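Heads up: the structure comes next, in structure tokens.
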Amino acid sequence: MAPAQQDVLMCKESVQSQIKIRHIDSEFKIENGDVSENNNVVAKNGASDETNSDKDFDLSKYEAMEFTARIKWPDLIVQLVLHLVSIYGLYLTLTFQVKILTILFVLATIYTSGFGITAGVHRLWSHRAYRAKLPLRILLAFLFTITGQRDIYTWALDHRVHHKYSETVADPHDVRRGFWFAHVGWLVLTPHPAVENRRAALRLTATDLIADPVVRIQKLTFIPLFALLNIVVPTAVPWYCWQETLFNSFVLSFVTRFTITLNIAYCVNSFAHLWGNKPYDR
């Protein structure tokens, strides 16, 4: 072989080795939490929702599968209690048994915390529509936790599955199964095997979520954060600041507010998928 050809081959092998080493080093850093503070560097294998398992996923097989969902009784009971107590909360409001400041506080909390859903877990973490510095990510995580809608990681994963397989059996809240299933039923029934399959598959590509320390910390501390930001603080503010009764504050500022916020989000899955132009991004 000519010396020139040998030099070319050696150069090629050197470049390939460096690329391989950098790729391994990148994966090691991601697994060990060495990530960019600004969340501006997304792992190469997390930049796409495509996985090797997508090629093996036969949607038609799952569509033809016989499946009977089971009721998750603890979740159903929680939903029933929330809605029944919220009806009483609306009664207290309509009969002027709560202070006007409490009503205004509830409305302001619903509106403000909504940015944690729309700008936070939806546009930023689910769709990666923009990049955010650490202070903004912390604020959005704080607002999203007030809504009580699960942790960021779980919510974003489910939303990616929903968009990727919208209105198929792999859609967590497939509207073809009826209005009430899409609205709230999917939360109180066992998921279809196709949904479980796709959730597991997308976890392999969700390195951008795990790489964000805000997402990791919020996931690890979700239960105490939920108790503090969604129950204790909203209940304490009206009671302490303008002497609302503790009972009214709990019923209206926690239960009723929480339930209204949940149903606002539920309506996107039900009403928005039954009516409209349906310009889905598949």
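Note: Cβ is positioned from N, Cα and C throughout, glycine not excepted.
Curation does not apply to TrEMBL; its annotations are automatic.
For 76-94 (among others), the entry in TrEMBL reads transmembrane segment. Sequence-distant contacts of the transmembrane segment (76-94), counting only residues of its own chain at least 6 positions beyond either end whose CB sits under 8 Å from a CB of the stretch, comprise 103, 184, 187-188, 248, 251-252, 255-256, 258-260, 262.
The transmembrane segment annotation in TrEMBL covers 100-122 (among others).
The feature domain 'Fatty acid desaturase' is assigned by TrEMBL to 104-278.
Counting only same-chain residues 6+ beyond the ends of the transmembrane segment (222-242), those with a CB under 8 A from a CB of the stretch are 99, 101-102, 105, 109, 142, 145-148, 150-151, 248-250, 252-254, 257-258. According to TrEMBL, the feature transmembrane segment maps to 222-242 (among others).
Under the heading transmembrane segment, TrEMBL lists 254-275 (among others).
If you average pLDDT over the domain 'Fatty acid desaturase' (104-278) in this model, you get 94.
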